[in-house]
Structures are given as structure tokens and as C-alpha cells.
Amino acid sequence: MTSLVVNAHDIDVISDASDSDSDVELFNRPSDQTLLLQDSRLDKACDGRLRPENMCSEIEQQLQLSQPRQLISEAQLQQKRSVTRRFLIVCVTMLLLTTALPLSTPSLALVNIEDDSLKVIALGCLYGCLLVSSLFTPLILRCTGEKMASLAGGVGVALCVSSRFRPSPPFVIPGFAAAGLFLGPCLTVLCSRVITITNEHVFLVGSVSGKTLLFFSGIFQTWALAAGWLAQLLTMVSLDFPWSNDPYTANDTASSCGAQYCWDNFVMSPSFSVVSDNTESVMGHRMQALLGCLMACSVVAVLLALFGIDRPKGEDDGQSCHVVFGEVFLLLKKPEVRLLSPVLILSGARQHLCYQYLIQAFSTCSLQSRSGSFALLGALITSSFMAPSLGFFFGVAGRLRVALPLFLLEAILLLLTLTWPVVAWPAAAFFVITCLLAVIDSAWQVLCPALLAQLLPNHLNASMAALRACQAVGYLAVYAVQASSVCSQHLLIGMQLLLALSMICHVVMEIQVRLREQDMKSNPDEHKIVLPPLNEATWLPHINPMRVRKERTSALTNFTAEGKKVRT
């Protein structure tokens, strides 16, 4: 052994004769971190009198320490690029799928269907099957996997588009039913994948998870909402609606407009019904070209899902089939989801009221139908561009501070629509009101997935499936009212009641969440940090599951042996 005696300007190294050679050999080894540390202490004790061999060892030590830092930085850059690439793939896949079959404006999927009863049946099959598949999405993902579910969504949209080449009941009804069945798990996978990618970004960058989640959700919803106006633009350009002979004229009687307007024949899209001498040519070549473009979008979405969704079957299967079977139903029984369900149902009903009912039905009262098409296009563009900024504003100002003004603004707009006859609306007021409703819709489309992800972080697929199921209920409610030719006054009154219920439930839920957060801050000892199970720790692709198992086991043993809280 070696002992040190340090004086003011002297250092005497006293060692045994038998161990001197071994000590010198160990001292000259640059890989021995202990002796390098001892050497640095000796140099400090010598008051700056450094030896050449010590300088060499210090240089080697700095090189050894700088190499891992460079490797870590390069690995982090590669992981950030991988996160960005996968996020763009998910966004483009969502854009292509919802362009080929826009759920927000389903009249674009019914352009060449002339039978009104077939329109009702087709949309009923679409949203009914979407509701059923959303309720059983965890079981479907447990059996097929996320990649196969994404591929099936693209195939279902392709079947729906191909059925429109022959708009007859034997082709249209199975095509729309297949699209509804396959789109539920596919959209759930895409939404949950966005949240997973956001968590990876937070892990790499170290930013605030809530604000980052709202910002990423805003960008994703921008792509989803942009698909609506992209489909509208494709339809207008390919079928030449603004330049064709428009058979619809403005009504000049207040009894047929505003709150007294009724749909007698369930005409989904009066602005897209072309009645002219060259109808056959328009619905022939141009319609086939439009359907070919939409088919190409669905095929590209299938290819992106094939190469972009890289999680295989059974990777995160930690529960049995009978538990996964009722996961969404059990999730809907939780108080957070029950309080949020009116908000989710209202989001689906609002989307169709804004993009479908008000613009395309009321525009025939005071404006020409070609102006209604441009109003729909302007509203969709406004909502898509406002989504990321609204997500950032939610993260900065807080959810409740933004949600309450949105509720009040929507109530004022619905009341204005209910009392003011649309025949008296000027064109500027019509465009402003529809764009404001579109902004409100985009805000809630951003907030709802992020809010569910924050409330239920361990049930991403089930929470996103519950979101799609509640939105499908809102779709079905609006179309059931429209198909029954109920007066629009009753529809707007029902929307007002649902809006009031949603506002009350949202305020109660926010109060509960804030009380829980304050309780966790005031009493941190009562809320133990629980390690996530192994099937939820594999959301990072660079984490080895066996390493997670070892760390989890060692952490639990340290907890039981020392009796202290484990930091994760």
C-alpha cells in the first residue's frame, strides 16, 4: 500500500520495496481511473509543478471523456431525426386517408350518388361501423397489431373510393361499411402514435410535457383538418363547380331560411348537384379523374403505413383478451371520461354542424351555392392554419382560461344563428361566422386528444378509441336529425343544451384535476412513484426490455432494503 505525506512544498512518497514496481506500473496505466484521480490530486498538492507523464495522462483522460460525449450527442441527433421522420409519416398518412374519405365533410364522398335514401344508408353504415370498431379497438389491436390495423384502414378507404365508380347499393353499402370498420382502429393508432412520439421528444429534449403535447397535437390536427379543404379543392377543380351552370338561386323568403329551414329530401350537398346539359360528361370523365386521385391517395397511405408504422404484432400485449375486450367500456365508466364525454360528443356534432349543416344548407338561402363552396373552403383553411397556434396558446395560457371564452363564443354564435334569419345575413357576416365556428372546432379538435392523453397516460389506445366512439355518436346524432327532416330550430336548441352540459362538465373536470395536482404537491409522500409495467416502458425504441426488467428489479430491492422512495 502507498501512503501520502503532503507538506507545504514537498511530497514524500513512502512505499514498500516489494510493491514499488507494481505501483509504478499501475500509475502509468492511462485506463485506471482511480490512479488518474490520485495523480490529479498529487498535481494539485504540488502547487502547479506538473510532471510530463502526468500531463500525458491528463490529456488521455480528457480524450477518453470527450469521446463518449460525442457519441451521446450523435445518438441524440439520430433519435431526434427519427422522431421527426416518424411524426411526418403519421401526419402525411392522416392527411391522405382523410383526403380520400373526409369524415368532417362526408358530402364530398357522396358527390355522384343521386339516390337520397342511399346517401342516408351509406352514412349510417359508415358512422355506425366506425362506432362499433372504436368500441372494440383494443381487442382488434391485440389480435392484429398496429401495423396491420393501419394497413386495413388504408384498404378500407380504398374500398370505399372504388365503390363510388359504380354508385349502386351492392357496391356503396359494403364499401362504406368496410371503411367504417377499418378506420376506427387505424385512426386510433395514428392518434396514439402522435402522443408516443411526443413523449419521446420530451424525453430527448427535456421540455414540459403538457405544452409539448398540445403543440404536437395542434400540428397533427392541422394536417387532419387540411385534408378537408384539400378534398374540397380537388372536388371543385376536377368537377369545375365554380364555373358550371348553377341551378340554385337565392331564396328570398324568410320562412324557408334560418331557424325555419328544413331538409325535406336530405340533400347532403346542394352545391355539388350539377344539373345541366352536359351532366353525363361531367360525371363521366371528371368524376373518374377525381376518384382516380382519391384512389392514389389511399394507395400512398397504405404504403406509408406499411413502412412507417414499425411496431409488430404482440409487442405490448400485457393483458389477456377478455380484459382487453371491455377496456373501452371500463374506461367510459371512469369519472374523468364521463365528465369529458359530452365535450367529445359535442366535438363531433359541432364539426358537422359547422362544415355540413350551416354552410351547405344555409348558404342556399342568402348566397349562391358556389359562394357556399367557397365559404366551406375558407372555413377549412382557417381551421387548419389556426390549429397549431391554438395548441401553443392552450399550453401557455392554460386549458380553462381558453375553454371558457370558447364556450361563450360558441353559445353566442349558435344563439345568433337561431334568432337571426340567414336570408338577412350579408356575405361578410356569413363568412365571418362560419370561420369563427371553424376556429372553435379546430381548438377542440386539438384539446380533446391532448386532454385524454394527460388524464389517462397508461391507456393511450383505449382513450383514443373512446374519443373516436364519442365523436361517432355526435356524427350519428346530427345525421339522424337531418335524415328525419326535423326543423333546424330543434337541432340548434339541442346544440345549445349540449353546449351548456359540456361547459359544466368541463369546468367540474378541470377543478378535480387541479385539486388532485395541488394534493400531490402538498402531500408528496402519500403519492408514491410507481414504476410503469414492462409493456408500457417499451415506447422508447432504444430501451432494452431486459435492461428495464433488471433496473426495475434492482430498484424494488433497494426500496425494500433501504426503506426509501425510489426515484425513477
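Backbone N, Cα and C define each Cβ position, glycine as well.
The feature transmembrane segment is assigned by TrEMBL to 87-108 (among others).
Here the transmembrane segment (120-141) has Cβ contacts under 8 Å with residues 106, 110, 113, 149, 160, 169, 172-173, 176-185, 188-189, 266, 268, 321, 324-325, 327-329, 461-462, 464-466, 468-469, 472-473, 475-476, 479, 483 of the same chain, all six or more residues outside its ends. Residues or ranges marked as transmembrane segment in TrEMBL: 120-141 (among others).
When Cβ-Cβ distances below 8 Å are used as the criterion, the transmembrane segment (148-165) is approached by residues 93, 97, 100-101, 109, 112-113, 126, 140-141, 171-172, 174-176, 178-183, 185-190, 288, 291, 294-295, 298-299, 301-302, 305-306, 309, 313 of the same chain, each at least six residues removed from its ends. Look at TrEMBL and you will find 148-165 (among others) tagged as transmembrane segment.
The transmembrane segment feature in TrEMBL is assigned to 171-192 (among others).
Sequence annotations record features per position, and here TrEMBL assigns transmembrane segment to 213-234 (among others). Outside the transmembrane segment (213-234) by six or more residues, the chain places 87, 90-92, 94-100, 102, 104-105, 108, 191, 194-195, 197-198, 201-202, 290, 293-294, 355, 373, 376-377, 380-381, 383-385, 387-392, 394-395, 442, 445-447, 449-450, 453-454 with a CB less than 8 A from a CB of the stretch.
The feature transmembrane segment is assigned by TrEMBL to 289-309 (among others). Long-range contacts of the transmembrane segment (289-309) within the same chain: residues 86, 89-90, 92-93, 96-97, 99-101, 111, 146-147, 150-151, 153-155, 157-158, 161-162, 164-165, 186, 189, 193, 231, 234-235, 238-239, each at least 6 residues beyond the stretch ends and with a Cβ under 8 Å from a Cβ of the stretch.
Residues or ranges marked as transmembrane segment by TrEMBL: 371-395 (among others).
Summarising the annotation, TrEMBL assigns transmembrane segment to 402-423 (among others).
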